[in-house]
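Have a look at the structure below, then the notes.
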Amino acid sequence: MPIAIGFEGSANKIGVGIIRDGEVISNPRMTYITPPGLGFQPRDTAKHHRENVLSILKEALREANITPKEIDVVCFTKGPGMAAPLISVAVVARTLAQLWKKPLLGVNHCIGHIEMGRVVTKADNPTVLYVSGGNTQVIAYSENRYRIFGETIDLAVGNCLDRFARLLNLSNDPSPGYNIELLARNGKKFLELPYCVKGMDVSFSGLLSFIEERAASLLRKNEYTREDLCFSLQETIFAMLVEITERAMAHCGSKQVLVVGGVGCNIRLQQMLQIMAEERNASVCAMDERYCIDNGAMIAQAGLQMFTHGQRMDWNETFCTQRYRTDDVYVSWRD
Amino acid sequence: MEIFAQNSFINDSYIISLVLFNNVSNSSEIRNMAIKREINATLLKPQAIVDSFQVLLAANKALSNYLGKTMYTKSLHSEIIFSLSASRSITESFKNFGVENDANSILIVEISEKDKSSIDEICSRVRGDPVKVDSIGTFTNIPVIKQLYKIDESELAHSNLNDVVYSRMAAKEFVNY
Amino acid sequence: MSESHVQEEGFLFQGAEARVYKKTLYGKQIIIKERFSKKYRHPVLDSHLTDQRLKSEVRAILKCSSCGIKTPVIYMVDFNSSKIYMEYIAESITIRDYIENFLKDGGNINELASLGRQMGKLIGSLHANGIIHGDLTTSNILIKSKESGCDLIPIDFGLSSLGRLPEDQGVDLYVLERAMLSTHLNSEKLFEELLDEYRLSFQGGLEALNKLSEVRMRGRKRTMVG
């Protein structure tokens with residue numbers, strides 16, 4: 001039974017995970033949390049990852065109760081992501097691959113989420129809604145590619161939520177999006193915000209600038225509470241996401257939805273997807289942290305798929321890249 | 001006398017009946033009865049009508065607004081006149097599509113629940129010659145139609161007049177011409 | 001979706017937000033497009049969107065027809081049930097089906113250059129007349145053969161808007177490019193033909209194409225963190 005170890009650090013989380021035949025045997029991770037009102041900067045994030053990667057590696061090996069000798073392949077996130085954090089982790093993976101004399105594979109981060117989602121939920125051929133700090137895509141598999149049917153034409157959804165959280169000075173612990181979600185649960189009064197769907201694509205920049213211009217005065221005049229604004233923002237943004245997901249499902253004739261990425265943890269988004277799916281006799285795969293939140297195991301899982309289907313990388317291919325599109329990857333492990 | 005009767009497509013328990021009269025000698029009398037609601041029907045000027053489809057569309061639209069309680073006018077029968085018009089002015093709609101006291105021809109339209117039609121009774125009051133509803137085209141005054149629906153000659157280069165009329169009626173609530 | 005709707009006479013298909021029926025109305029074959037409420041949306045947002053899209057669709061179709069671009073004739077708009085009654089375009093199929101049939105019969109996608117050019121011309125004339133379709137795909141254009149060649153008939157204008165901004169025109173093309181490339185394998189050259197004719201037939205075409213490149217770059221350049 002092949003064993004893969006995966007290293008992930010493309011954003012503010014650093015994780016090392018070990019997979020044995022589709023089963024997660026260890027998957028520790030840490031999050032770099034910044035003070036309220038501040039986003040995470042590449043340099044500081046990379047520093048955080050460098051300082052913690054080795055202790056997380058030790059923890060992963062100990063928890064899995066294996067020795068490096070038993071590992072078949074070392075996998076790391078090749079991209080997309082922020083350059084400095086990506087590199088800080090890739091350096092460790094490259095060093096270990098040489099030290100342990102194991103093959104090294106660079107993995108597309110998005111495909112890590114998707115493959116982990118498929119193995120955990122046993123969903124055969126889902127339409128994937130990938131929503132995170134840097135990504136907003138609706139993806140479906142066809143002819144050896146994960147094809148992007150819809151995406152944002154400007155801001156990523158998580159980025160939009162983060163910037164709104166900063167506007168309200170919400171805490172980054174555990175994540176700005178989670179704090180918006182908590183406030184939104186108590187929102188009542190709905191503020192109509194610009195709603196922008198173009199084909200299967202969405203745009204958030206108009207909505208964000210609309211609310212950036214008005215939030216302070218709406219709050220000051222007590223017309224809307226912070227809870228109301230969070231509520232209205234979520235209702236609008238998520239409706240756009242669910243709409244393009246449904247359009248892609250109708251287009252591809254798909255009956256399953258898988259939501260991956262950090263924003264996928266949001267209960268309200270899951271609920272809306274659920275309602276949409278039920279209305280068209282489709283189903284939503286249950287959310288699970290193993291594939292929603294960035295972690296090492298998902299990189300190991302996608303890498304293991306590539307490895308067992310004969311993919312190998314030359315040493316000079318094992319670099320990082322900030323921009324690495326989901327549809328750039330040739331998918332050899334599915335029909 | 002030919003009664004052209006069709007089910008409504010909005011609600012098929014309603015029936016729309018059309019009767020066309022020519023050489024009418026008591027138009028003002030009929031008109032007064034309609035105003036006083038002694039007869040429950042709409043009286044239309046055949047010159048402003050291109051075909052029965054146009055009238056059936058207006059009648060169905062009126063019925064939908066009636067059943068949905070979203071009428072612009074006070075009665076189902078006046079709502080038909082409003083629905084026919086490309087104008088959002090009720091007064092103008094009546095002026096353009098309603099019959100005048102000295103009208104020589106009248107198209108009578110009645111919407112009723114099935115089996116409750118009183119179209120025979122209404123028609124018995126009219127002194128004139130009933131003619132087939134599908135001869136309405138011989139009454140149509142095309143210059144008047146073009147003016148009422150603000151139809152440009154250039155538009156007719158690639159569209160059929162009747163189709164332009166239907167579209168004008170369909171979208172008058174939110175499209176300006 | 002209730003069962004009765006599926007079984008209702010004339011039911012054709014259900015899209016993401018509308019059910020489509022084909023019926024005969026007083027001797028005319030017609031299409032009824034019924035927008036329905038989406039339960040996942042906040043009711044205020046939902047009714048606003050349903051209403052807005054119904055109006056946008058009708059506005060754009062009427063604008064097309066007044067500019068000589070063939071679209072289905074609108075017979076009636078019923079706000080009480082969010083239905084549009086319109087002309088049924090007989091003997092037509094979507095460009096998507098047309099391409100798929102052509103490939104199934106052993107054709108090569110690059111032989112469809114003239115179709116690409118005709119699409120480019122159509123979109124050029126939409127844009128020249130201030131119409132942004134908003135959801136251009138090969139499923140949203142019908143093709144109907146006639147004695148010499150064929151007519152292309154754009155449909156599904158629910159996401160449309162009226163305006164002449166090169167940015168909107170560029171995004172309109174971008175949406176189509178994405179839809180074509182993900183639906184039809186190896187359609188890159190077909191799309192190039194389309195753009196070529198678009199630029200030739202529409203005066204503002206060059207500006208819109210520059211915007212298209214910008215929009216594409218935004219997609220590529222975005223740092224996709226996390």
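In case you wondered, yes, glycine gets a Cβ from its N, Cα and C as well.
The annotation divalent metal cation binding site is assigned in TrEMBL to A:His109, A:His113, A:Tyr130, A:Asp294. For A:Tyr130 (divalent metal cation binding site), applying a Cβ distance below 8 Å and a minimum sequence separation of six or more within one chain yields A:Cys110, A:His113, A:Ile114, A:Thr136, A:Gln137, A:Val138, A:Ile139, A:Val259, A:Val260, A:Gly261, A:Thr326.
Annotation comment: TrEMBL describes A:Tyr130, A:Val131, A:Ser132, A:Gly133, A:Gly134, A:Asp162, A:Gly177, A:Glu181, A:Asn266 as substrate binding site.
Residues annotated as domain 'Gcp-like' in TrEMBL: A:28-300.
The Cβ of A:His109 has fewer other Cβ atoms within 10 Å than any other of the binding-site residues A:His109, A:His113. Checking the binding-site residues A:His113, A:Tyr130, A:Asp294 against chain C with a Cβ-Cβ cut-off under 8 Å leaves A:Asp294, in sequence order. Neighbour list (A:Gly177 (substrate binding site), Cβ cut-off 8 Å, at least 6 residues apart, same chain): A:Gly158, A:Leu161, A:Asp162, A:Ala165, A:Gly262, A:Val263, A:Cys265, A:Asn266. Following the DSSP three-state reduction, the secondary structure of A:Gly134 (substrate binding site) is coil. Neighbour density around each Cβ, counted as other Cβ atoms within 10 Å, peaks among the binding-site residues A:Ser132, A:Asn266 at A:Ser132.
Mean model confidence of the domain 'Gcp-like' (A:28-300) amounts to 94 (pLDDT, 0 to 100 scale).
Here the binding-site residues are A:Gly134, A:Asp294, and the one with the most other Cβ atoms within 10 Å of its Cβ is A:Asp294.
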